[in-house]
């Protein structure tokens, strides 16, 4: 009997060594109680979110809104009528296009997002440097008008293949599509042009997708693909305590297979890397309708933080629609630079930062949305100083399920987020 006790104690010590900090975990019931108190304080906030109209900014800013197909159609027709008058009066053919350059971007601390200022540029057909882009703009307007008449959706790839020789590269047709959204004053979703499905969601969420009720606890390990057109999503219901936003597919699969959302009621969502429009819209809709805190799990490198900032503050490329695409108050749960030493991540699992990584980190330190959060500044400074980065998968050195069994539960227990 004494020999068996010794063996059990030795096994326990071995597990503690291979899975550090496991002995610090409280019971699931205690952690859930902590989470419930956080969720209740988050959902009790009834203050109306600030908008640009509420602020007296020195710069005039431009924002778009959701428009009906008939409104988009009539706006395009009015624009074409103006162009016809220009041509007939001998003024030539040119578009007035809102500038989406970096110099026309503004970070608004009160809103904690990037917005577009009102500077515009002229895109004339008569100038050799802009004739091709002006032609692409006219082509995109014509295609969007067709979509309005037919009341159908197409992907950005479909749009590109309508005239490959003119567009040459999908990057060019995509960029002009954003220009057209700005010109018409509507969201890109209003144009009925969507991106291919990319993001997925799993966990404690039920919603309707074009009339069909979807239970995300019964979608298997792969989860439910996030619908590319958010207007068909409604009736969101959940008993989750938080939303877990995951950068990478690998970590998402680990958490989904372990049914982490059953142990700690949550909704797990990922865009599998760089955030796409559909996932950003879906996350914003969940946050606003369910009133749940959003915790982000990203790699400990500058690009992980950039991805987090796109969800939270918006991208400069689509700053004209930041009101719809940004999710306020996302918390940085991990993996943070300070976690590398705190959780004793082995040296062989840490990666040296490249010169480009270090430059990106230093550039982020100059961004206003980073400066606003002292915790982010401290973590980024540590990353640049140590010149080390790590992926979420570095936690697998302690066991493939360390992420779901120890790391995340302990983070939630300690409310260790920024």
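All residue numbers here begin at 1 and follow the chain in the order shown.
Even glycines carry a Cβ here, placed using N, Cα and C.
These come from TrEMBL:
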REGION    1-22  region 'Disordered'
DOMAIN    132-193  domain 'Spo11/DNA topoisomerase VI subunit A N-terminal'
ACT_SITE  161  active site, nucleophile
ACT_SITE  161  active site, O-(5'-phospho-DNA)-tyrosine intermediate
DOMAIN    197-233  domain 'Type II DNA topoisomerase VI subunit A all-beta'
DOMAIN    242-412  domain 'Topoisomerase 6 subunit A/Spo11 TOPRIM'
BINDING   247, 299  Mg(2+) binding site
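With a threshold of 8 Å between CB atoms, the same-chain residues lying at least 6 positions outside the domain 'Type II DNA topoisomerase VI subunit A all-beta' (197-233) that come near it are 153, 155, 189, 239-240, 244, 252-253, 256-257, 261-262, 265-272, 276, 278-279, 281-282, 285-286.
In this structure, the C-alpha atom of residue 299 (Mg(2+) binding site) lies 35 angstrom from that of residue 161 (active site, nucleophile). The binding-site residues in question are 247, 299, and the one with the fewest Cβ neighbours inside 10 Å is 299. The average per-residue pLDDT of the prediction over the domain 'Spo11/DNA topoisomerase VI subunit A N-terminal' (132-193) is 94, rounded to a whole number. When Cβ atoms from all protein chains are considered, those within 10 Å of residue 161 (active site, nucleophile) total 12, not counting its own.
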